[in-house]
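Notes follow once the structure below has been shown.
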Amino acid sequence: MAESSSSLPPLCEKISYKYYFLRAVDLTILGLLFSLLLHRILLMKQSDNAWVAAFLCESFFTSVWLIITCIKWSPAEYKPYPDRLDERVHDLPSVDMFLTTADPVREPPILVVNTVLSLLAVNYPANKLACYVSDDGCSPLTYFSLKEASKFAKIWVPFCKKYNVRVRAPFRYFLNHPVATESSEFSKDWDMMKREYEKLCRKLEGATGDSHWLDADDDFEAFTNTKPNDHSTIVKVVWENKGGVGDEIEVPHFVYISREKRPNYFHNYKAGAMNFLVRVSGLMTNAPYMLNVDCDMYVNEADVVRQAMCIFLQNSISNSNNCAFVQYPQGFYDSNADGLAVLQSYIGRGIAGIQGSIYAGSGCFHTRRVMYGISFDDLEDDGRSLSSVATRNYLAEENLAREFGSSKEMVTSVVNALQRKLNPQHSSLTDFLEAAQKVGHCHYENQTSWGKTIGWLYGSTTEDVHTSLGIHSRGWTSSFISPDPPAFLGAMPPGGPEAMVQQRRWAAGMLEVLFNKRSPLIGVFFGKLRFRQSLAYLYILTWGLRSIPELFYCLLPAYCLLYNSALFPKGVYLGIIFMLLGMHCLYTLWEFMNLGFSVQSWFVCQSCGRINTTCSWLFSIPDIILKFLGISETVFVVTKKTMPEIRSESEYGKSQQEDDCPNQDSGKFEFDGSLYFLPGTFIVFVNLAALVGFSVGLLQRLSHSHGGSSSGMAEACGCVLVVMLFHPFLMGIFEKGKYGIPLSTLSKAAFLAVLFVVFSLGKLVY
């Protein structure tokens, strides 16, 4: 229970930023863009189709920059003070922690285990925590790994809390030796823990290729004759903290679940798994707050739960309980995500200053009552209890069964959650196994509101943004915390096929949300979505649509060189182009360097941005068209996760020496024979062909037959810039193996490039 005295310092504070200089730069760039568009309009009648195409592309870019300017106008974030929590709160609220995994091959069990161990070891009373792992692959290997992890947790959790270990994922913690100044007791315990962890790793690695343990233990009987897409519901209490009082040696509740799946039943991907987690946790522990993380996003800040509780409890103290969730930025321990870090720092803080951060799918604390579908208007003025109207609407027995399903135990837990009551503490988790089995059946959600207005929303492969939009449209706000060090860290897929698949899924999922009934274009008029917040959602949801103008704009300089027409204005207005390019480069470079990133990192991210847009996001458009035509559905493809190799004691010195030497393959772009790499290769070929033709004077000899205005150095510079941005593809033409573009892709791209050149030259080949 929270102390409400106003004389005590707050648990958190909202920090608002006013960057007047950056606002001026944003507005200057916007003014230059509008000036360029005005010039194109004035000369439209005197120009050809390339001029019109450039105008349309630049109009789209201008609208995007206008939205960005609106989003970044008033950035904000919250700063929690977890050290004040014990003074103000006598009884901390319970938190249920969710982790999802779906494929033991693409998501190695040792990676899942490390994330679980980091969750179990957070600085929070163990009797107030419960960790639930959803395994959508129904893998006995995953369950075996979690059982072994629970044994290791009984020594790992006390070790972390005894020595106040900061990084509580073992695979990261044991990368470095303890400093020489540490006590002998710590060094002895450290060596013992490292040996136990290496033993755990060897055991899990051995279990991957040998399944004799599956037949030796009756606990695995439920996995007999199961398939990832065809199995019954499995719920296992891996560890129960019976009678716990929150001591440092205790380990929180730990539960494994796998919902029922059948081949002919659509299971709604991650959103369906999250809703099953909500139901099972509601039956067993029914904590008022829920944390969800991806299986590769380990806890990097031990006080992360306390930080989030500062936000929720401060709202409770001030009677302004309008915060639905607290989102942390997604941090990464590799070098593939610098661009995302910059995006979260500037765009993320900007969105947080409007109606609140957008739910990013991981590293987010949710309020259970909000996930059960209530609106902010359903609460009394104190922000705690339901209004009389909402009580009649939500708590009527017939309404509860219709909305939440036929399970009486589930309905009881929902009533408790809506009324801010806890489940009876004397019950054992195993008492709810039968009820948990029931709410995991394929047909349980039929004719209910799960996925429609309750829980994680269905209808998109980006269930996070879809759910976030639904929450904000009901009048709720959210909070953004960006602590140092980062609260959660994970790994991004390397540049190449895996990244392309992930980006395509994101872009397609965004478009699904954009064109459904919860579109921000609708929510701003018929919901409680604020106007600038709707612009923030539009900025994200239109990622896929950006591929068309960017693709055209990458080809226009080459087309104009080949066709001998003007793309860029002459005279003073050509200066606008160079000023726009220079200001944008310096502005984005400053954003990167201000966060500690290098010039090389900035250029790589600019390059990857163009590649993702024109190659990966492009395929999201046919995905959505085919879905709306009823021909096919968008598919949720699990991204392959990787982790650093575990070093043994004897390998440590050698590995340390290897780390001091740069890896010659690090940062290289990987290719395969998929269609993702065809557009980029085609763009490079076309621009190279245009530059070759221009350099040998081919266009000068052909200019008399067109009678058009002479193209010049500006268009050639445009081609050079495009080739530079697609540098990985240029290098891939000459590389071999996985870093080289396959011959089949080169052949297709060359054929398309020849057609493009012939078309541009105005000749038809039959």
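Glycine too: its Cβ is placed from the backbone N, Cα and C atoms.
Note that TrEMBL annotation is computational and uncurated.
These features come from TrEMBL:
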- 20-38: transmembrane segment (TRANSMEM)
- 50-68: transmembrane segment (TRANSMEM)
- 536-559: transmembrane segment (TRANSMEM)
- 571-590: transmembrane segment (TRANSMEM)
- 676-699: transmembrane segment (TRANSMEM)
- 711-734: transmembrane segment (TRANSMEM)
- 746-765: transmembrane segment (TRANSMEM)
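Among the listed stretches 20-38, 50-68, 571-590, 676-699, 746-765, the one sharing the most Cβ pairs under 8 Å with the transmembrane segment (536-559) is 50-68. Here the transmembrane segment (746-765) touches the transmembrane segment (676-699). Their Cβ atoms form 3 or more pairs under 8 Å, with each pair 6 or more residues apart. For the transmembrane segment (676-699), the residues of the chain that approach it from at least six positions outside its boundaries are 497, 500-501, 504, 551, 554-555, 557-559, 561-562, 564, 611, 614-616, 618-619, 711, 715-716, 719-720, 722-723, 726, 728-730, 732-733, 741, 745-746, 748-750, 752-753, 756-757, judged by C-beta separation under 8 angstroms.
Only residues 6 or more beyond the boundaries of the transmembrane segment (571-590), in the same chain, are considered here, and those with a CB under 8 A from a CB of the stretch are 25, 28-29, 32-33, 35-36, 39, 599, 602, 606, 714.
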